[in-house]
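Novice: According to Swiss-Prot, the protein carries these features:
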| type | residues | note |
| --- | --- | --- |
| BINDING | Gly169, Arg170, Gly171, Thr196, Val237 | NADP(+) binding site |
Amino acid sequence: MTAQVLDGKATAGQIKEELAQRVARLRERDVVPGLGTVLVGDDPGSRSYVAGKHRDCEQVGLASIRRELPADASQEELERVIDELNEDPRCTGYIVQLPLPEYMDTNSVLERIDPAKDADGLHPTNLGRLVLNVSEPMTSPLPCTPHGIVELLTRHGVELAGREVLVIGRGVTVGRPMGLLLTRREINATVTLAHTGTRNLPELLGRADVVVAAAGRPHMVTAEQVKPGAVLLDVGVSRVPDPETGKGRLTGDIDPAAAEVASWMSPNPGGVGPMTRAMLLVNVVESCERQVFGQP
């Protein structure tokens, strides 16, 4: 058996085409959704990631609002920028690029974001709404990576209702909110949350129908551990030495050999990453639509 590919790039492209049509309808009403980004410092990786978000904006017709601060900016300076974006009607959603300098209080910064403009879907208010709302349509931004994973599976016809899903990793961006989304009644999966301290991980992997690996441990999930026919989503990112070049290269949490056992598997890179960026755009557009049309 060779796993079919959960193609995040192609699926994200489809979502962008759909978003472009929705943005066009908003523009007919003289409304242009806008994505804001706040970047502190000049980290090359962060700068590249932010630039990618603005290229995405251009593809679907969103306005780009960029705010950049020097690496030695104070927390007060950053908070003033956040307050400005909260009040700016051109900005319908924005993100503060992480990580921030160590001397800044990241949680305080993120909590200052207007929940309605929380493009990452990670504001405590929005996560709390996800906890409380099991059955009704969500009317607040969803966490981008978990939402992207569900959308990727749904668009490939992978059934989740009643299936055993193992989530490995307890981070706030993926692991913790993943189960909240999967156990909503409209999805109805049965979820186990594991992490690097889980003692019986091989046993859990052996019975999981779907595995979401987001622990940041290179190849911690092996082909021998995976249930035949399982669906595998590799979210983890680690840098390891390349034996051929001696340089660092990025790798995921799932050994590529597991593709010979799985029924579906997301590539890494090219699987979940593009979906995360697409869901960021979805949050921005939907925030604008809620303002204009009053729809969930």
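Quick reminder: no glycine exception, Cβ is built from N, Cα and C everywhere.
Give me the structural setting of these features: burial, nearby parts and distances.
Specialist: Every protein chain considered, the tally of other Cβ atoms within 10 Å of the Cβ of Arg170 (NADP(+) binding site) stands at 17.
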Novice: Determine which residues of the same chain, besides Gly169, Arg170, Gly171, Thr196, Val237, have their CB within 8 A of the center of the CB atoms at the recorded NADP(+) site, and list them by sequence.
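Specialist: These residues sit around the NADP(+) site: Ile168, Val174, Gly175, His195, Ala214, Ala215, Gly216, Gly236.
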Novice: Taking the Cβ of Val237 (NADP(+) binding site) as centre, how many other Cβ atoms lie within 10 Å?
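Specialist: Val237 (NADP(+) binding site): 16 neighbouring Cβ atoms within 10 Å.
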Novice: Using a 10 Å radius around each Cβ and counting other Cβ atoms from all shown chains, which of the binding-site residues Gly169, Gly171 yields the largest count?
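Specialist: Of the binding-site residues Gly169, Gly171, the highest Cβ count within 10 Å belongs to Gly169.
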